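Worksheet: one structure, shown below.
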Amino acid sequence: MLIWLVELSEYFKFLNLFRYITFRTGAALFTSALIVFLFGPTIINSLRIRQGKGQPIRADGPQTHFKKAGTPTMGGLMILAGIVGASLLWADLSNVYVVATLLVTLGFGAIGFYDDYLKVTKQSHMGFSGKARLGIEFVIAGIAVYFMMRTALASGVAGSTFGSSIAFPFFKDFMINIGIMFVVFGGFVIVGAGNAVNLTDGLDGLAIVPVMIAAASFGVIAYLAGNVVFANYLQINFVPGTGELAVVLGAVIGAGLGFLWFNAPPAAIFMGDTGSLALGGTIGTVAVATKHEIVMAIIGGLFVMETLSVIIQVGFFKMTGRRVFLMAPIHHHFEKKGWTESQVVIRFWIIAVGLAMLGLSTLKLR
């Protein structure tokens with residue numbers, strides 16, 4: 001919104017700063033963190049009073065988790081406030097990619113909020129119906145992908161099929177056009193990302209730091225993909241307008257830092273599905289917008305690993321009646337093996353950093 005003040009730069013030279021994505025990204029990060037820091041304590045106290053027993057703890061989980069009973073959930077409300085507030089201030093709201101990303105952020109956040117609400121009120125892990133939840137997520141993601149696809153097609157930068165094509169890392173010009181099915185593909189990426197982060201969010205600080213790492217990585221990718229000079233130099237797809245998504249991701253990082261202040265062990269609040277679905281959906285949307293969906297599987301490899309562990313566990317158990325892991329998602333398996341919570345969290349952070357570096361290296365490998 002503040003970018004519109006650039007029109008007054010003829011009279012106030014300092015307003016020229018608002019032209020620069022890098023400046024607004026830093027400002028969004030700071031603003032978002034400040035919002036969470038300022039309103040976090042009030043939100044936490046309010047949720048603690050309203051929820052009473054807080055988030056239900058799994059009876060079959062590690063014994064160390066029972067001491068977390070009574071910790072409030074829905075901390076994603078703090079994150080959403082930071083992201084949306086900072087984005088409204090610093091991002092270009094006439095940009096379709098920004099609007100589509102915020103649509104997913106808020107839409108997935110609302111789904112997660114309803115799921116958290118049901119879990120808290122019932123004191124059960126059985127929240128929103130899985131099929132209904134996925135169905136609504138696909139509708140929201142599909143709408144966002146459709147409008148982003150149309151915007152990319154209208155740009156005409158790389159031909160009439162660019163918006164509906166899948167790009168592949170390591171190859172300069174290799175793309176596969178799948179037409180309108182790109183809406184389904186993009187929706188799958190976004191929904192998958194949202195639920196992958198949701199599965200990862202099981203320990204204090206475990207999900208939020210890898211999310212910030214992924215956000216920083218995709219902030220770089222969005223900035224480069226939206227700049228014709230950098231895109232041509234690196235031989236990646238130039239997608240006009242996606243540079244503005246770096247501002248939104250700056251807000252994600254700021255909100256993440258603010259939330260981590262309160263989520264650091266012992267956590268004063270959990271982000272819940274409200275936060276995890278929204279954050280994952282946001283990252284997934286940026287990946288689709290920038291044509292780096294496959295690279296997201298590398299940068300977000302930790303989330304992929306967590307998701308695969310659940311799929312393998314459930315599938316193998318249905319076929320054989322036996323389990324591959326002591327408990328899924330896989331971070332609980334390592335807890336059962338005797339790792340402390342801090343060991344699991346920090347080691348998974350290290351993995352996330354390594355995967356992000358590997359993912360970013362694909363930008364130069366053409």
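Any Cβ shown, glycine's included, is placed from N, Cα and C.
According to Swiss-Prot:
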type: TRANSMEM; residues: 27-47; note: transmembrane segment
type: TRANSMEM; residues: 71-91; note: transmembrane segment
type: TRANSMEM; residues: 93-113; note: transmembrane segment
type: TRANSMEM; residues: 134-154; note: transmembrane segment
type: TRANSMEM; residues: 174-194; note: transmembrane segment
type: TRANSMEM; residues: 205-225; note: transmembrane segment
type: TRANSMEM; residues: 245-265; note: transmembrane segment
type: TRANSMEM; residues: 268-288; note: transmembrane segment
type: TRANSMEM; residues: 294-314; note: transmembrane segment
type: TRANSMEM; residues: 343-363; note: transmembrane segment
>> Are the transmembrane segment (93-113) and the transmembrane segment (294-314) close enough to be called in contact, which here means at least 3 C-beta pairs under 8 A that are separated by 6 or more residues?
In response: no
>> Within the same chain, where does the transmembrane segment (174-194) have neighbours whose Cβ lies under 8 angstroms from its own Cβ atoms, ignoring anything closer than 6 residues to its ends? I mean 6 or more beyond.
In response: 104, 108, 134, 137-138, 141-142, 144-146, 148-149, 161-168, 237, 276-281, 283-285, 287-288, 293, 296, 300, 303, 307
> Mind checking which residues reach the transmembrane segment (294-314)? Cβ under 8 Å, same chain, six or more beyond either end.
Replying inline: 166-169, 189, 192-193, 195-197, 199-200, 210, 213-214, 217-218, 221, 280, 283-284, 287, 323-325, 328-331, 333, 348, 351-352, 355-356, 358-360, 362
> Same chain, outside the transmembrane segment (205-225) by at least 6, Cβ under 8 Å from its Cβ: which residues?
Replying inline: 21-22, 25, 197, 231, 234, 236-239, 242-246, 249-250, 252-253, 256-257, 259-260, 263-265, 267, 271, 275-276, 279-280, 282-283, 286-287, 289-292, 295-296, 299-300, 302-303, 331, 344-345, 348-349, 352-353, 356, 359-360, 363
